[in-house]
Amino acid sequence: MNKVLISVTGPTAIGKTRLGILLANHFNTEIISADSRQFYKEMSIGTAVPTKHELTSAVHHFIQHKSIHEPYSVGDFEKDALKKLDELFQDHEVVIMVGGSGLYVDAITKGLDAFPKVGKSIRENLNKQLTNDGIEILQNMLSTLDPEHYNRIDIHNPHRLIRALEICIGTGRPYSSFLNKPKDKRNFKVLSVGLKADRTVVYERINERVDLMMKEGLLDEVKLLKSTRDLNALQTVGYKELFEYLDGNWTLDFAISEIKKNTRRFAKRQNTWFKKSLETLYVDYNYKENEILAMMDKAVMELQHERT
């Protein structure tokens, strides 16, 4: 087994796209995107989709290939991305994957956990509670039923809360008890490369990115999506806050400050998720290209010759 998937991870705004393109060009290969919000064609500015120049610098897959109106789960992505990888590995020894969505990265590198089926009525009731009573009641329920998972996920994402709660209620067991079970082995090896930087650097880059998004027209993008704001895809930092501004609840300056704050929180959660992987090769965000390429050549060669 000498096929290698290089998985580039790290917090938002740290430069994963740039490194992914550098590696794709070096290995003469293509890129799988594992950013769950960049899947949607209606969401360009707020998800920092690669620029036209970046998209022409290397072939990308799973960028803006879906509409926000099309349900697309992590399970769908796992199936589609593994099929695409099989195709790419016919012609390439190495493929690059870039993404900051930890669950989606893990779906490809490790496989998804299997969950039992539960009655649809549970989800329907939870959605009613969300509509009638607000998200806080769901947060409190999960904190009681599965404190371990409560501390791991974005508790402001209703989709994630409801998914965990329906398993807890339907099975009588914590959602977390179904995680990390043995899964099918992949027919490729994974080289996980994590970009790192001091927290102050990451936060500064996040603030600069949000300011740039506003200059590029994020507010206009959000205005066009206001009528579909309840869709799961739009429960996303950068969109939720500007909906509050458009509703007249917040000033624009406050909404922007909330985007920056919530993006910083998201970056912190990303770091926590990716640090679980003990095999990750960490690289400073301010790397020298010749040094990192030599490092990648060596790491790929070692993986390819490693006994399984």
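Quick reminder: no glycine exception, Cβ is built from N, Cα and C everywhere.
Any TrEMBL annotation is an automated prediction that lacks curation.
For Gly10, Pro11, Thr12, Ala13, Ile14, Gly15, Lys16, Thr17, the entry in TrEMBL reads ATP binding site. Annotated substrate binding site per TrEMBL: Thr12, Ala13, Ile14, Gly15, Lys16, Thr17, in sequence order. Annotation source TrEMBL lists region 'Interaction with substrate tRNA' at 35-38. The site 'Interaction with substrate tRNA' annotation in TrEMBL covers Ser101, Arg123.
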Ser101 (site 'Interaction with substrate tRNA') versus Ala13 (ATP binding site) - Cα distance in angstrom: 13
Between Arg123 (site 'Interaction with substrate tRNA') and Gly10 (ATP binding site): CA-CA distance (Å): 32
Chain-internal residues, separated by at least six, CB under 8 A from Gly15 (ATP binding site): Leu195, Tyr285
Residues satisfying Cβ distance under 8 Å from Pro11 (ATP binding site), sequence separation of at least 6: Gly100, Leu195, Val202, Ala267, Lys268, Gln270, Asn271
Counts of helix, strand and coil residues, the region 'Interaction with substrate tRNA' (35-38), according to DSSP: 0 helix, 0 strand, 4 coil
ATP site shell beyond Gly10, Pro11, Thr12, Ala13, Ile14, Gly15, Lys16, Thr17, criterion: Cβ within 8 Å of Cβ centroid: Gly100, Leu195, Arg205, Tyr285
Under 8 Å by Cβ from Arg123 (site 'Interaction with substrate tRNA'), counting only residues of that chain that are 6 or more apart: Ile162, Glu166
DSSP-derived structure type at Ser101 (site 'Interaction with substrate tRNA'), helix or strand or else coil: coil
Environment of Thr12, Ala13, Ile14, Gly15, Lys16, Thr17, the listed substrate site - residues of the same chain whose CB lies within 8 A of the CB centroid: Gly10, Pro11, Arg18, Ala48, Gly100, Leu195, Arg205
Structural state of Gly10 (ATP binding site), classified by DSSP into three states: coil
Site with most surrounding Cβ atoms, counting all protein chains shown within 10 Å, from the recorded positions Thr12, Thr17, Ser101: Thr17
Nearest-integer angstrom distance between the alpha carbons (Cα) of Ser101 (site 'Interaction with substrate tRNA') and Lys16 (ATP binding site): 12
